[in-house]
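Reading through the structure tokens given below for one structure.
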Amino acid sequence: MTNLRKTHPLMKIINHSFIDLPAPSNISAWWNFGSLLGICLVIQILTGLFLAMHYTSDTLTAFSSVAHICRDVNYGWLIRNLHANGASMFFMCLFLHVGRGIYYGSYLYKETWNIGVILLLTVMATAFVGYVLPWGQMSFWGATVITNLLSAIPYIGTTLAEWIWGGFLVDKATLTRFFAFHFILPFIIMALVIVHLLFLHETGSNNPSGINPNSDKIPFHPYYTIKDALGLMFLLLVLLTLALFSPDSLGDPDNFSPANPLNTPPHIKPEWYFLFAYAILRSIPNKLGGVLALLASILILLIIPLLHTANQRSMMFRPVSQTLFWILTANLITLTWIGGQPVEQPFIIIGQSASILLSMLILVLMPLAGLFENYMLKPKW
């Protein structure tokens, strides 16, 4: 009799996706982050669901309901700490996953890459609306500053901002709709993840060498299920260490104060995973220009496949491109640092220089490096 997992209509899909899936034999630990992101999403949905059971999306009670979760609900403190730090782990895995895609040329699977960029934007939107929910000082002022950027759009900007707010300022209507968005978006993300995997399984995984791996494939289970399980252990170790020993180290102290529209915090800044984009936004002295630069910093990922000039897919054997890639990484870390600093010299000029370098690296230097490497590979005799 044929195995049930190969004949049953539902089991067959799971079998072709996670068990008998042919996978390249040489994919490294950098390919673990896809499965880790899936686990992060499940953790966030489950912890978020339990938090939503006790949370109230009202300006008068939101802050105290979060305090109630931490003090009175059984293991509420743990659920909240896992959810808050789980978001940081999610973004850490996301950035490493995108970085791996750029380094090894995975962006040449255009459909998978484009859905991935849409996923990144959706996760960022989810994290932003989620950060507003505790209704602390930084939640309120973060929501005010970021939603206010919509008013920079010519002609329809102010109308758009007021439409998002549900009034003339960030208030009860805003909090209620942000809770609704924060609840629904993870399920939209789940649907997009399935589409992402659908496109990926059309082509099969890329591999570190960047060459066609069809001549040497192995089954996903048990080889990569075990490998992913090891990655999961590391993820849980870091997440639990953060959540149990230092749960507030990545948060902002201002968020321990209830939202007060009459008192502006000295430094309004988002969570660490948005700081690079926030630094780019602040580096341009014009409001509309800043908003466009902020959008461009993420949407630039969509044109990376069009800027690939090298004959080789991966950067594994391309030292010049490798050097530029690590300069890009250092540049993004610098922008993250700048985003958390006050708007004063020398931070302003460092932020502006890093923002210019970022666009130069992606739009000019890396495509030129690809052409240079092609030239160097040509026989000279």
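The backbone N, Cα and C atoms fix where each Cβ goes, glycine too.
Long-range Cβ contacts of H182 (heme b b562 binding site) within its own chain (separation 6+, distance under 8 Å): G48, T126, V129, G130, L133. Among the features that Swiss-Prot reports, heme b b562 binding site is placed at H83, H182, with the record citing similarity to another entry.
Cβ environment of H196 (heme b b566 binding site): T112, I115, G116, L119 lie under 8 Å away, each six or more residues apart in the same chain. Among the features that Swiss-Prot reports, heme b b566 binding site is placed at H97, H196, with the record citing similarity to another entry.
Counting only same-chain residues six or more apart in sequence, the Cβ atoms lying under 8 angstroms from the Cβ of H201 (ubiquinone binding site) belong to H16, S17, L21. The secondary structure of H201 (ubiquinone binding site), as reduced to three states from DSSP, is helical. The ubiquinone binding site annotation in Swiss-Prot covers H201.
Annotation source Swiss-Prot lists transmembrane segment at 33-53 (among others), citing similarity to another entry.
Per Swiss-Prot, the feature transmembrane segment maps to 77-98 (among others); the stated evidence is similarity to another entry.
Here Swiss-Prot flags 113-133 (among others) as transmembrane segment, drawing on similarity to another entry. Beyond the transmembrane segment (113-133), the same-chain residues lying 6 or more positions past its ends with a Cβ under 8 Å from any Cβ of the stretch are 55, 57, 62, 66, 87, 90-91, 94, 98, 101, 106-107, 139-140, 142-143, 146, 174-175, 178-179, 181-182, 185-186, 188-189, 192-193, 195-196, 199, 270-271, 273-274, 298-299, 301-302, 304-305.
What Swiss-Prot lists as transmembrane segment is 178-198 (among others), and the listing cites similarity to another entry.
According to Swiss-Prot, the transmembrane segment annotation covers 226-246 (among others), on the basis of similarity to another entry. Same-chain residues lying 6 or more positions outside the transmembrane segment (226-246) and placing a CB less than 8 Å from one of its CB atoms are 29, 32-33, 35-36, 39-40, 43, 78, 81-82, 85-86, 88-89, 93.
Non-local neighbours of the transmembrane segment (288-308) in the same chain are 98, 102, 105, 107-108, 110, 113-114, 117, 120-121, 124, 149, 152-154, 276-278, 280-282, 355, 358-359, 362-363, 366-367, 370; each lies 6+ residues outside the stretch with a CB under 8 Å from one of its CB atoms. The transmembrane segment feature in Swiss-Prot is assigned to 288-308 (among others); the stated evidence is similarity to another entry.
Listed by sequence, the residues of this chain that lie at least six past the ends of the transmembrane segment (320-340) yet keep a Cβ under 8 A from its Cβ atoms are 99, 102-103, 269-270, 272, 274-280, 282-283, 310, 347, 350-351, 354-355, 357-358, 361-362, 365-366, 369-370, 372-373. The transmembrane segment annotation in Swiss-Prot covers 320-340 (among others).
Annotated transmembrane segment per Swiss-Prot: 347-367 (among others), in sequence order. Beyond the transmembrane segment (347-367), the same-chain residues lying 6 or more positions past its ends with a Cβ under 8 Å from any Cβ of the stretch are 279-280, 282-284, 293, 296-297, 300, 304, 307-309, 321, 324-325, 327-328, 331-332, 334-335, 338-339, 341.
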*asked:* Let me spell it out: take the transmembrane segment (178-198), skip the flanking residues so only those 6+ beyond its ends count, and list any with a Cβ under 8 Å from a Cβ in it.
replied: 17, 38, 41, 44-45, 48, 52, 55, 57, 112, 115-116, 118-119, 122-123, 125-126, 129-130, 132-133, 143
*In which DSSP state, out of helix, strand and coil, do we find H182 (heme b b562 binding site)?*
helix
*For H83 (heme b b562 binding site), which residues of its chain lie six or more apart in sequence with Cβ-Cβ distance below 8 Å?*
Q44, T47, G48, L51
*Do any residues at least six apart in sequence from H97 (heme b b566 binding site), in the same chain, have a Cβ closer than 8 Å to its Cβ, and if so which, in order?*
F33, G34, L37
